[in-house]
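Undergrad: For THR47, TYR110, the entry in Swiss-Prot reads site 'Part of a proton relay during catalysis'. Per Swiss-Prot, the feature pyruvate binding site maps to THR48, ILE207. Per Swiss-Prot, active site, proton donor/acceptor is recorded for TYR136, and the stated evidence type is sequence analysis. Here Swiss-Prot flags LYS165 as active site, schiff-base intermediate with substrate.
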Amino acid sequence: MGQIQFQGAITALVTPFKKGEIDLECYREIIEWQIEQGINGLVSCGTTGESATLTYEEYKLLIKACVEQTKSRVPVIAGAGSNDTAKAIQLTKIAKELGADGVLHVTPYYNKPTQEGLFQHFKTIASQESIPILLYNVPGRTGCNLLPETVARIVQDIPEVVGIKDATGNLEQFSEIIEFCPIGFQVLTGDDFTILPSMILGGCGVISVISNIVPAMVVELCSLIEKNKLEEARQIHYNLAPLCRLMFVETNPIPVKTALSLMEKLELEFRLPLTELSPINFTKLESTLKNIGIISK
């Protein structure tokens with residue numbers, strides 16, 4: 001474990017739909033564009049990919065397409081999380097069989113497990129399938145918080161766990177994960193607003209929503225921070241700030257898919273209970289995309 005490096009700018013891919021079905025041709029085109037733009041890795045079937053409303057067959061189609069299209073040019077991470085440990089194991093098995101380089105496991109949502117329950121959940125998954133695991137902590141969606149002390153315990157006892165996507169937006173907690181865990185443990189932010197400060201603290205990159213829209217800018221931001229060119233990095237951070245804010249003006253991935261439709265990268269379609277962006281927020285998003293030159297005025 002640990003040979004694969006999950007670092008830099010990694011895009012949490014959207015899932016394009018067309019008349020209720022997955023648009024695989026569009027998905028492959030998006031993946032190819034991401035790689036052409038220099039992205040460092042891809043997450044398929046994560047939160048941004050509307051994983052909650054995918055069937056097993058659709059999950060297989062998407063992971064298979066992502067692995068095939070990347071052709072090992074960048075690492076592929078498969079979202080495999082569930083609040084049902086047995087289902088999480090099943091998804092992990094599928095991802096491994098289809099050739100994913102790693103799996104992303106969100107903390108179980110709704111059940112509200114204790115820290116011991118979280119530890120046992122990840123330990124059980126790792127005991128069944130040997131594949132690099134990234135933990136995923138996003139309390140705003142799950143209703144539970146994976147504490148830094150628990151992360152450190154997991155890393156010590158479960159060698160399959162090679163990193164974490166921390167989407168708390170809490171820099172103190174992010175810092176403690178780095179402090180408590182061994183050197184080489186890969187700590188990525190899942191919050192586009194905190195790419196700059198989190199990497200200065202020692203994080204190794206981001207699993208990003210905004211890189212669906214501006215992959216090259218996010219790649220450059222991460223690269224500049226790694227090279228300690230902080231003044232240039234700050235400029236990109238502030239250039240991206242208005243767009244970052246709009247990505248969460250309504251539930252992810254509603255704004256990002258809307259932006260991609262305005263860029264003519266996909267047809268705008270969601271699965272319920274997600275619905276289209278409100279008219280007022282659509283106008284704000286369209287205006288911002290025009291102002292920063294992503295779409296023509």
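Including glycine, each Cβ sits where the backbone N, Cα and C put it.
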Undergrad: Do you know offhand how many angstrom separate TYR110 (site 'Part of a proton relay during catalysis') and ILE207 (pyruvate binding site) by C-alpha?
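TA: Their Cα atoms are separated by 23 Å.
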Undergrad: If you measure THR47 (site 'Part of a proton relay during catalysis') to ILE207 (pyruvate binding site) at Cα, how many Å is it?
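TA: Rounded to the nearest whole number, the Cα-Cα distance is 11 Å.
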Undergrad: For LYS165 (active site, schiff-base intermediate with substrate), list the number of other Cβ atoms lying within 10 Å of its Cβ atom.
TA: 28
Undergrad: Roughly how many Å lie between the Cα atoms of ILE207 (pyruvate binding site) and LYS165 (active site, schiff-base intermediate with substrate), rounded to a whole value?
TA: 7
Undergrad: So which one is it: of the recorded positions THR48, TYR110, ILE207, which has the fewest other Cβ atoms within 10 Å?
TA: TYR110
Undergrad: By a 10 A CB contact count over all chains shown, which of the recorded positions listed here is most packed: THR47, TYR136?
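TA: Buried the deepest by this measure is TYR136.
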